[in-house]
Amino acid sequence: MLKKLLSVVLFSVMVASVSLQKFTEDLTDDDSIIFGRSSDIANEFSEEYINFLKTGHESETLKALSNKLANMHTLKEIFTTSISEWKTKDQLFMCTTCQAVVNIITHMFRDENGELNGPNAESNTKDLMLELCQRFQLQTPDVCSGLFDINWPTVHYVIMNSKADARSICGLLPISFCAVKQEEFEWSVEVDNTTGQLTKPKDEIPQKTANDLKILHLSDIHYDPDYKEGSLADCEEPLCCRNAGNMNISDQLGAGHWGDYRDCDAPMRLIVNAFEHIQTQGQIDYIYYTGDIVPHNVWSTTQDSNKEIITEVFDLLSKHFGNIKVYPAIGNHEAHPANVFGNENVPSDFSSVWLYEHLWDLWSDWLPAEARNTTLKGGYYTATPRPGFRIISLSNMDCYIFNWWIYYNGKETSLPQLQWLHDTLLAAEKNNEHVHILAHIPSGGKDCWPVWAREYNRIIERFSNVISGIFNGHTHRDEMLLHYSKYGHAMAISWNGGSLTPYSYKNPNYRIYEVEPQTFQVVDHETWIFNLTEANEQNDLGTPRWFKEYDFSDFTTDLSPAGIDQWLNVMAENPDLLRKFWSFKVTLADPKLSIGCNNKCLSDTICQLALSANNQRDRCQELQSILELKLQDETTTTTVPDNNGSPATTISAPITALNIAYFFKKFLF
């Protein structure tokens with residue numbers, strides 16, 4: 001009974017969180033107060049809704065609560081933006097409605113003959129989910145229905161057989177005050193302890209040479225074969241620019257020729273143009289592709305359509321770059337359903353082998369034969385492009401909190417690959433090799449399971465002497481993060497390659513690294529972009545004007561982990577320099593620059609650079625404190641507009657018991 005209840009609850013969370021990014025932190029005293037107040041509202045709603053189900057009569061109280069909850073969130077922004085960009089009301093909405101659905105489904109499962117039991121259970125469950133989806137104005141009926149149909153079999157199986165309980169379901173939301181610890185999912189990697197803990201930062205400064213390697217970093221192409229120029233670019237669904245049914249659309253609302261800043265993925269002409277421009281860059285030694293080829297239509301994908309899209313893009317890479325070796329990593333969108341990657345022991349009906357076999361067919365020309373076994377097992381592999389240099393490519397969707405199999409058995413899902421990573425690094429150390437790690441999801445984001453991130457960082461600390469660079473994607477931002485050891489020593493750098501897709505509100509971009517050929521450390525990188533507004537003004541009369549956005553050496557020439565750590569201090573002490581970094585982070589995209597980066601945005605930006613596990617925030621908070629003092633000094637001499645065009649304020653404080661009442665009063669009463 002309880003397991004059936006949990007199946008429905010998890011699906012309701014899934015519909016509301018299809019593009020959620022970021023995970024949870026431990027509860028604080030203030031968080032518990034907020035959670036309690038949210039629970040009160042959820043209880044009131046659920047009591048009224050259950051009475052409505054029994055009687056068919058909708059009370060005025062239920063109507064009022066439904067309207068307020070529906071109007072509380074910012075519509076599809078909860079689907080298309082990261083939680084770091086969410087407004088407080090969105091977080092409160094998600095936590096409150098999740099609890100309300102828990103209460104409703106609990107009641108409907110008390111009776112063995114209830115509507116959600118018996119031969120019509122699935123259809124009745126879908127009807128209920130669609131009614132709640134409409135009531136809360138979460139998404140269009142097509143999106144909600146598609147999400148249910150695609151995800152229900154997996155969600156139902158996972159919860160019917162998992163250790164997760166009802167309370168922990170809402171705890172999976174990446175919202176601190178809604179979080180619940182799940183001790184049953186604790187596990188650890190066996191780490192070789194022959195070297196002990198790091199005693200100092202990694203501070204060997206890599207120097208440029210005449211023989212530096214050039215490595216191209218591509219990520220997050222998100223090719224949409226259904227992109228239609230002139231179609232509606234500002235639609236209700238999570239992915240736009242693809243509905244050509246009504247072509248009487250104003251130029252302002254229509255999709256651009258080369259792509260669109262709004263919630264639209266990349267047309268083929270954009271991808272081809274990018275590859276053609278890269279071909280003008282001279283010698284490229286290797287290509288890293290860090291995942292996500294499939295578009296954001298997560299409610300309507302199929303295995304066949306995913307395979308077709310993946311094939312088309314990798315074939316295009318082969319066509320344009322010939323004999324240059326490509327080293328890919330899997331993204332969360334490659335799967336069907338999106339995000340869902342089971343381990344090798346899941347039932348065959350839910351296996352991801354279909355994807356791994358297809359990828360091996362496409363990758364086998366680039367990878368050594370010995371990579372086949374692990375690729376077919378879990379989509380990860382290792383290769384040695386040249387003596388002394390090893391590449392390890394992870395499929396780190398076992399850290400992604402929207403991979404439902406984590407909640408089936410997190411240890412069984414996540415531990416084997418991390419243990420393989422450890423053992424592969426140990427062998428590399430013995431062979432005096434330097435290593436690059438490729439993975440789609442950065443470990444410091446809230447959407448990476450903190451247990452996984454903690455164990456990953458334990459491995460990085462142990463082998464920081466052989467790890468020369470880490471390369472990620474996923475965020476669609478041009479950024480990076482610094483990994484810190486248990487005792488706070490800077491030990492490794494994760495570089496993020498931005499994205500080719502403009503989704504959402506970014507200029508298409510790619511990156512080229514200069515890599516010193518002895519230690520294989522990054523000594524510089526350059527990022528190339530084109531301005532989407534300018535390109536679309538030409539329509540099909542010209543091609544985009546690609547230009548070098550910046551060299552990283554414009555900021556600092558010391559690209560050792562210790563040097564980057566000191567550079568973070570410099571940016572915290574110089575808000576204008578941090579604003580410059582932020583402008584590159586958002587790829588100088590016109591919509592982002594028009595809004596700007598207020599003090600909270602600056603605080604979030606400096607924090608993210610110092611997070612390699614989201615619940616290890618000491619360095620983040622230290623940098624934020626330095627920045628806050630500088631911003632306070634700034635306000636005595638100047639006014640900086642915030643994201644709403646209002647006068648600047650100091651860094652926004654965390655939600656507390658003193659100010660939470662304001663949000664509830666404003667958005668619910």
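Placement of Cβ uses the backbone N, Cα and C atoms for every residue, glycine included.
The signal peptide feature in TrEMBL is assigned to 1-20.
What TrEMBL records for 91-182 is domain 'Saposin B-type'.
Summarising the annotation, TrEMBL assigns disulfide bond to C95-C178 (among others).
There are 24 other Cβ atoms within 10 Å of the Cβ belonging to C98 (disulfide bond). Residues or ranges marked as disulfide bond by TrEMBL: C98-C170 (among others).
A 10 Å cutoff on Cβ-Cβ distances gives C144 (disulfide bond) a total of 22 other Cβ atoms nearby, all chains included. Annotation comment: TrEMBL describes C133-C144 (among others) as disulfide bond.
Sequence-distant contacts of D220 (Zn(2+) 1 binding site), defined by Cβ-Cβ distance under 8 angstroms and a gap of at least six in the same chain, are T290, G291, D292, G331, G473, H474, H476, G498, S499, L500, T501. Marked as Zn(2+) 1 binding site by TrEMBL: D220, H222, D292, H476.
Positions annotated as disulfide bond by TrEMBL: C235-C240 (among others).
Under the heading disulfide bond, TrEMBL lists C241-C264 (among others). Residue density at C241 (disulfide bond): 30 other Cβ atoms are found within 10 A of its Cβ, drawing on all protein chains shown.
The Zn(2+) 2 binding site feature in TrEMBL is assigned to D292, N332, H440, H474. For H474 (Zn(2+) 2 binding site), the number of other Cβ atoms no farther than 10 Å from its own Cβ, over all displayed protein chains, is 27.
All protein chains considered, the CB of C448 (disulfide bond) has 28 other CB atoms within 10 Å. TrEMBL lists C399-C448 (among others) with the feature disulfide bond.
Residues or ranges marked as disulfide bond in TrEMBL: C597-C601 (among others).
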Completion exercise
By the 10 Å Cβ-neighbour count, the most surrounded of the binding-site residues H222, H440, H476 is H440
Completion exercise
Counting only residues outside D220, H222, D292, H476 in the same chain, those with C-beta within 8 angstroms of the Zn(2+) 1 site's C-beta centroid are S219, I221, D265, G291, G331, H333, G473, H474, S499, L500, T501, Y503
Problem - Fewest other C-beta atoms within 10 angstroms, as judged across C399, C601, which are the disulfide-bonded residues - result: C601
Problem - N332 (Zn(2+) 2 binding site) versus C95 (disulfide bond) - Cα distance in angstrom - result: 24
Practice task
For the recorded Zn(2+) 2 site, whose residues are D292, N332, H440, H474, find every other residue on that chain with a C-beta no more than 8 angstroms from the centre of their C-beta atoms, and list them by sequence position.
Solution key: D220, T290, G291, I330, G331, H333, M397, I441, G473
Problem - Cβ atoms near C264 (disulfide bond) (within 10 Å, other residues, all chains) - result: 29
Practice task
Mind giving me a neighbour count for D292 (Zn(2+) 1 binding site)? Other Cβ atoms within 10 Å of its Cβ, every protein chain shown.
Solution key: 27
